[in-house]
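Student: Just dropping this structure here.
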Amino acid sequence: MMNGKPTTEMSLLKVPTKIIPTKQPLPSQNAIDTDDEEDGLGYTHTLMYGRYTKDLGEYAKDEARRLRLLERRRKKDDKARNKELLGVRDNKFFKASSWLWRNTFARLGEDWVFLALLGIIMALLSYVMDKGISMCTNSRVWLYRDLTNHPVAQYLAWVSLPVCLILFSAGFVHLVAPQSIGSGIPEMKTILRGVALKEYLTFKTLVAKVIGLTATLGSGMPLGKEGPFVHIASIVSQLLSKIITSFQSIYENESRNTEMLAAACAVGVGACFAAPVGGVLFSIEVTTTYFAVRNYWRGFFAAVCGATVFRLLAVWFQKADTVTALFATNFTADFPFDPQELFVFALIGLVSGLGGALYVWVHRKYVLFMRSNKRMNKFLQKNRFLYPGIVSLIVATLSFPLGFGQFIAGELSTHEQVHQLFSNFTWSKNELTVEQAAIVSNWRTAGTNVFINLIVYLLFTFFFSIVASTIPVPSGIFIPVFKIGAAFGRLVGEAMHLWFPYGVRYGGKLAPIIPGGYSVVGAAAFSGAVTHTVSVGVIVFEMTGQITHIVPVMIASLVSNAVAALLQPSMYDSIILIKKLPYLPDLLPSGSGMYNIYVEDFMVRNVKFIWKGISYQKLKEILKANKGLRSLPIVDSPESPVLLGSVQRYELIKMIDKHIGREKRLEVAAKWMKEAEEKAREEQERLRREAEELQKTRRPSRFEVSPAPDILKLRERANNEMLPPQAKKETSTGFSPVFGTQPKKSILKKTNSFTLKGFTPLSPHSPTHTPYTTITGGTESRIRSAFDIIFRKSATLQDVTPDPEVGSIGTPSISGTEGIPLTPGISKKVQLPRERVIDMSAEDQKAWELEEMGKPIDVENLHIDPAPFQLVERTSILKVHSLFSMVGINHAYVTNVGKLVGVVALKELRQAIENVNSGTLTPESVKQKQEEEAKALAQKEAENGDRLTFLVVAKS
């Protein structure tokens with residue numbers, strides 16, 4: 001092959017049609033041996049006396065099967081190449097959904113419909129999961145109360161269901177998607193910073209998260225669901241963005257993807273507690289460092305849709321009267337608290353801040369202890385179900401109502417516990433109604449009062465929520481800390497009522513103490529201290545449906561946040577540090593040394609780049625070797641790396657696929673086919689002229705070499721013998737021999753062997769095209785004609801739009817101007833495809849791709865970002881941190897007078913900030929490192945100079 005064209009006329013071009021392959025017989029014409037030939041696909045064809053012994057119909061089926069296998073192999077290779085470069089595969093379901101979206105809802109406004117759909121889906125998921133959790137809890141209570149009255153049997157019934165649910169959840173998430181373990185908010189903070197976590201926003205992670213969280217919360221473990229709901233909403237948003245064409249995946253449209261993920265975080269909180277406003281504010285505080293105001297309406301709209309549908313479902317299916325708050329309270333609005341009580345509320349905030357910092361510290365120490373103990377860690381990894389089973393068994397045993405559970409309201413669900421803690425009456429008073437007495441009976445026993453029970457409940461939830469959070473199941477920590485704060489606030493409120501039974505006097509009026517208000521303040525303060533958020537107060541207002549305690553709640557939340565921020569990071573930041581996620585920390589204001597640390601001190605100098613004139617093969621190698629890079633810088637040349645811009649990885653892969661993909665290959669194959677047809681026609685015309693000249697110059701002889709038209713006559717006669725009588729009459733009336741009725745005696749030796757040596761239906765040198773053909777017996781003529789009819793039919797009738805003059809492959813008709821009538825039996829026996837696809841053979845394709853991959857890339861048709869983020873070498877680390885945090889980029893190129901000298905990514909910047917905060921990266925250490933590098937470079941140059949001098953001396 002020269003210059004991408006076949007060297008012979010048609011020999012290098014293979015057309016995938018159902019044509020019986022031609023096999024080479026033995027060299028001798030009078031062969032008596034039987035040999036087997038095997039092709040590349042393992043088919044064995046037996047040649048006996050030079051003839052095929054296999055049925056022609058079976059040959060056609062085998063050939064069709066072989067072509068199908070070749071087509072499947074070619075498609076498999078194309079998919080493998082795409083997967084090798086892209087790392088993902090197209091999905092037909094996503095394509096169909098995208099088409100449906102473009103032609104229906106997209107016309108109404110993509111953002112609005114997308115966000116409304118996200119909110120509705122999350123509301124449905126939240127409602128279904130709550131029903132599942134309620135069914136598990138009710139089943140547990142039913143097993144305990146109604147199944148039996150024996151204490152041992154009741155204990156077994158009480159602990160069996162939680163243990164089974166936890167073991168099922170742990171095994172299910174481990175098998176389906178281990179990424180679903182834990183909360184989800186720390187990972188979402190990392191993703192929104194521009195870091196792509198592998199397999200974290202996939203459908204199987206969604207399934208594992210939903211089913212695992214339902215089983216975990218249904219077991220009654222002291223765990224929450226807010227963090228997992230944020231993760232679930234983010235997965236739903238990501239899956240919707242893949243379905244909808246305009247919202248591309250995270251690798252194609254990062255800006256739009258980040259906006260939708262930020263809205264999804266708000267939807268998760270809003271659908272969890274029916275708190276849209278608090279959900280938006282909470283998601284902003286928890287997941288982002290710098291928030292774009294343009295995303296504000298997206299979060300509110302989606303959260304309102306989710307919260308509204310969530311509460312409407314309760315009205316429709318739970319026989320609720322109207323849309324109400326989740327934990328509705330009825331505090332007196334006239335005089336809810338005395339101004340003198342504000343000091344007590346501030347004190348609650350102070351204690352909650354200390355307690356929140358202690359909670360985070362104990363959680364981190366316990367997790368690090370579990371990880372640092374290698375022997376125990378190795379043992380638990382081998383026995384994955386042992387630790388979840390032991391923890392769930394201990395928690396279920398302690399919550400058994402006939403045992404320790406009577407001190408911690410173990411028989412109540414989480415919703416019932418919070419609702420009773422927010423109740424608007426004093427538990428410690430003597431005069432109680434029947435309903436009030438039923439509530440208080442859960443919080444005191446014959447030997448203890450409400451104060452002891454509240455303290456025990458607080459300590460139990462504090463420590464066992466930390467232990468339970470280490471179980472490898474989907475779980476959150478917001479609900480446990482919310483209950484801890486509510487119990488602490490209730491404890492202070494009951495104590496205040498005990499100290500001031502008639503209320504606090506102010507301005508001549510007595511204001512009664514409302515312990516439920518203290519419980520609300522404590523819940524907001526403690527959960528805000530653990531999460532470092534103030535918006536928890538807004539969530540509390542929406543959950544209770546009252547804003548009577550807005551001032552105490554805000555005061556306590558601000559005080560607790562201030563105290564906790566001075567002592568410990570938030571729970572989510574602590575988990576990021578434990579898991580070592582690539583999140584960008586803040587610079588500590590420890591001194592001015594950060595202004596003397598520049599980007600050249602921590603950038604990567606070995607930059608992978610492409611340039612003008614790079615070959616497709618070299619580009620493919622760079623893409624394969626750097627699969628983690630989403631974009632590559634493009635420079636003028638390797639010798640002069642002037643930065644011209646950056647190109648997305650996806651654009652480069654599309655360019656390679658367009659250059660050597662299936663469409664391009666079929667186009668080139670069709671071009672080769674056309675050129676081969678033209679060359680075949682020229683060759684046939686030349687041979688015809690030579691035959692005519694030879695016929696004119698030859699003298700008469702009693703022997704004559706019959707030309708090709710005589711063979712055509714014999715074939716036509718043989719075909720007429722196989723036709724029906726009526727068709728035979730019609731054919732015989734229009735037949736006139738060309739060279740007379742009696743053929744002359746052949747000069748060549750007559751033989752009974754019959755071969756198709758060198759025959760291919762696509763070759764112009766087939767027996768019908770050679771100027772000299774051996775005339776054999778009548779039987780051989782009929783067999784040869786049958787072969788030729790089948791070959792010509794399979795090669796001619798497969799064109800979609802065949803040429804009426806030259807047929808499908810540029811060969812003339814068998815009988816001149818009119819074709820031979822074909823028998824119905826043959827057309828039934830050989831099944832022909834409806835459409836012929838001209839493609840290359842495997843060898844031609846490999847050679848063509850090798851040649852094409854050696855060509856330089858087409859830079860003019862490449863989508864280049866001409867202005868990527870650039871830094872100079874003397875940019876301080878403080879400015880780099882501000883740029884990365886504010887803009888949300890994940891890498892920037894470093895240039896010197898326009899030339900590319902390095903690149904800094906989120907990983908290098910995070911490591912540099914940690915080193916600056918720890919004091920290991922200082923101007924002195926940088927200067928010392930530069931001196932060491934200069935000394936090593938000088939030493940290396942000296943060694944090279946000595947080696948060069950030695951070689952010169954040795955040569956002389």
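Here the Cβ of each residue, glycine as well, is placed from N, Cα and C on the backbone.
Quick caveat, the model's predicted, so the values are computed rather than measured.
Sharing the record's features from TrEMBL:
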- 666-697: coiled coil (COILED)
- 760-777: compositional bias 'Low complexity' (COMPBIAS)
- 603-663: domain 'CBS' (DOMAIN)
- 758-777: region 'Disordered' (REGION)
- 802-822: region 'Disordered' (REGION)
- 112-129: transmembrane segment (TRANSMEM)
- 155-177: transmembrane segment (TRANSMEM)
- 260-284: transmembrane segment (TRANSMEM)
- 296-317: transmembrane segment (TRANSMEM)
- 342-364: transmembrane segment (TRANSMEM)
- 385-409: transmembrane segment (TRANSMEM)
- 450-469: transmembrane segment (TRANSMEM)
- 481-500: transmembrane segment (TRANSMEM)
- 520-541: transmembrane segment (TRANSMEM)
- 553-572: transmembrane segment (TRANSMEM)
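Let's see these features in context: how buried, what's close, how far.
Tutor: Mean per-residue pLDDT, taken over the domain 'CBS' (603-663), amounts to 87.
Beyond the transmembrane segment (112-129), the same-chain residues lying 6 or more positions past its ends with a Cβ under 8 Å from any Cβ of the stretch are 105-106, 210, 213-214, 217, 225, 229, 232-233, 236-237, 240, 244, 247, 260, 263-264, 267-268, 270-272, 298, 301-310, 313-314, 317.
Panel annotation: around the transmembrane segment (296-317), residues 111-112, 115-116, 118-120, 122-124, 126-127, 259-260, 262-267, 269-271, 274-277, 279-280, 283-284, 323-324 of the same chain, lying at least six beyond its termini, place a Cβ under 8 Å from a Cβ of the stretch.
Listed by sequence, the residues of this chain that lie at least six past the ends of the transmembrane segment (385-409) yet keep a Cβ under 8 A from its Cβ atoms are 144, 151, 154-155, 158-159, 162-163, 165-167, 169-171, 219-222, 417, 420, 442-443, 445, 448, 452-453, 456-457, 460-461, 464, 467-468, 470-473.
Long-range contacts of the transmembrane segment (450-469) within the same chain: residues 221-223, 359, 362-363, 366, 391, 394-395, 398, 407-409, 427-428, 440, 443-444, 475, 477, 480-481, 483-484, 487-488, 490-491, 494-495, each at least 6 residues beyond the stretch ends and with a Cβ under 8 Å from a Cβ of the stretch.
If one looks beyond the transmembrane segment (520-541) by at least 6 residues along the same chain, the residues whose Cβ comes under 8 Å of a Cβ in the stretch are 269, 273, 275, 277-279, 281-282, 284-286, 329, 345, 348-349, 352-353, 355-357, 359-360, 418, 421-422, 477-478, 481-490, 492, 547, 549-550, 552-554, 556-561, 563-565, 569-573.
Residues 183, 185-186, 189, 286, 342, 345-346, 348-350, 352-354, 356-357, 359-361, 363, 477, 520-522, 524-526, 528-534, 536-537, 540-541 of the same chain lie 6 or more positions beyond the ends of the transmembrane segment (553-572) yet place their CB under 8 Å from a CB of it.
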Student: Under an 8 Å Cβ to Cβ limit, what residues of the same chain, 6 or more beyond the ends of the transmembrane segment (155-177), are close to it?
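Tutor: Same-chain contacts beyond the ends: 136, 139-140, 143-144, 147-148, 199, 202, 204-205, 207-209, 211-213, 215-216, 218-221, 384-385, 388-389, 391-393, 395-397, 399-403, 471-474.
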Student: Tell me the residue counts in helix, strand and coil for the domain 'CBS' (603-663), as DSSP assigns them.
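Tutor: Each residue of the domain 'CBS' (603-663) counted once, the result is 24 helix, 16 strand, 21 coil.
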